[in-house]
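Q: Sending over a structure as structure tokens; questions will come in a sec.
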Amino acid sequence: MLTLSKFHVILIPILFFITLLSPLFSIALPINIWPKPRFLSWPQHKAIALSPNFTILAPEHQYLSASVTRYHNLIRSENYSPLISYPVKLMKRYTLRNLVVTVTDFSLPLHHGVDESYKLSIPIGSFSAHLLAHSAWGAMRGLETFSQMIWGTSPDLCLPVGIYIQDSPLFGHRGVLLDTSRNYYGVDDIMRTIKAMSANKLNVFHWHITDSQSFPLVLPSEPSLAAKGSLGPDMVYTPEDVSKIVQYGFEHGVRVLPEIDTPGHTGSWGEAYPEIVTCANMFWWPAGKSWEERLASEPGTGQLNPLSPKTYEVVKNVIQDIVNQFPESFFHGGGDEVIPGCWKTDPAINSFLSSGGTLSQLLEKYINSTLPYIVSQNRTVVYWEDVLLDAQIKADPSVLPKEHTILQTWNNGPENTKRIVAAGYRVIVSSSEFYYLDCGHGGFLGNDSIYDQKESGGGSWCAPFKTWQSIYNYDIADGLLNEEERKLVLGGEVALWSEQADSTVLDSRLWPRASALAESLWSGNRDERGVKRCGEAVDRLNLWRYRMVKRGIGAEPIQPLWCLKNPGMCNTVHGALQDQ
């Protein structure tokens, strides 16, 4: 137990550069909160013990109450011991008995743009800390911050006192995409990912559920899609699984955004409905054909036939089931990589083209037949950028109403973001040059001669590997010159495509690289002078990575442990903590 005089010097973790009194003045202080808050003041550098009877006092709420219970248990059980210790004055006169949570508007739903701001204060001389938020979701962000300020072994827990934090995100959409079609992930894997996202203040789990390789989602109105299109009967997601994941997301302040990729990437639909899928189960790149004549961009062929009335009967059933199972207000309809060669294998489509029709008109017909139906279900439609920007098959903007359509980038870095914004569309940034977490792991084709080429990137089309530094330093609104353009950038997502990933590598592929995205989209990647702070962030991210591991997240290391125990010794210039 703690036996102290008026003040007692104890040891707490290094290293957090906080804003002290003024956002223009920073000094090194031993608090590590990830992502870094927008404003933090701790002028007296004092700490107090947490009462053995500490409680969190919060109003009852369907989702916040579960969060309060979770954080109370975490605070008592985490037993976080700092890897590096620095002295701080611990006050003896009293202990912190409770955290009082106040939410001004519990009616605010978990959707894009909801207020996630919070204010957190632990006054000197008070038995209570205070957390004020406009929404339940902002309160959850504040609870996470509070949990990260606590260290010690229960019941001897400590935290800073005389501290004030005012915090809110720069971008409303901060997400992780996980592809569960190419390889299957268990429900526990998905829930663990959502838990880690919440700890990093990420708020959108983009669930790329289906693709050509499998259709793992059991739908009440179309059960044959999963029965015949999944990778196996034990590799499906039932309605009960979906309900559990969605509920878990709400309890962690994470939206679950479903993606049913169409009309491309639908080979798995052909197992149940071969009559609505063109080029299903054909070899993806026929012998003697050029790349332009391929049937798919990777193994797993199949695209929905826009000329078949049966297509829309099935698709609308799928949409209705998705709307019923997912309360999320965004519906991701895919729309990427519609390949000309696949559609051209169908006689009816060839007849349409011979009569003067175009492939782009086929895409427009599909969108015109599905987008209004999605909108009628009170959903905003998200498509990949291809529907507007593809060089061969794209839709006229007239069929993509800006008030109902959001586009997600994945090519050409900031250039495609600029093009989408210039066209007046809202955009979610997932540039493969920066945010694709599968890149740099080689290829998966069995006999690709590119592996023998010295400058091939090891067979990975999007090599090199996207480091946490690359992710952290990327400015998603780069080159947008005015505030109106920047407002159209909703945020960003890192993407884990699963050609070479499954549950065995899930945590290490995501973390802590997704943590780098989390801070850059929450509080930015620059210091108060406008200088990139990647160099300063490395120690903080390293500490956060170790804490995530203690919380059960298998985040990969970013440095030798020796570097963390010897601050500054692994820099390129001794004592240099800022990027120039």
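The backbone N, Cα and C atoms fix where each Cβ goes, glycine too.
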Q: Would you mind checking which of C279, C439 shares a disulfide with C342 in Swiss-Prot?
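A: Swiss-Prot lists the disulfide between C342 and C279.
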Q: Labelled N-linked glycosylation site in Swiss-Prot - which residue from N53, N79 would that be?
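A: Record lookup, Swiss-Prot, feature N-linked glycosylation site, residue N53.
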Q: Could you say whether, by DSSP, N368 (N-linked glycosylation site) belongs to a helix, a strand or a coil region?
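A: It is helical.
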Q: Out of N53, C279, N368, N378, N447, the recorded positions in the record, which is closest to E337 (active site, proton donor) when you go by Cα distance?
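A: Considering only the listed recorded positions, the nearest one is C279.
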Q: What three-state class does DSSP give C342 (disulfide bond)?
A: helix
Q: Specify the count of other C-beta atoms within 10 Å of the C-beta of N378 (N-linked glycosylation site).
A: 9
Q: State the count of C-beta atoms found within 10 angstroms of the C-beta of N368 (N-linked glycosylation site), not counting that atom itself.
A: 13
Q: Could you say which of the glycosylation sites N53, N447 has its Cβ with the most other Cβ atoms inside 10 Å?
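A: Of the glycosylation sites N53, N447, the highest Cβ count within 10 Å belongs to N53.
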Q: Among C279, C342, all listed as disulfide-bonded residues, which has the most CB atoms within 10 Å of its CB?
A: C342
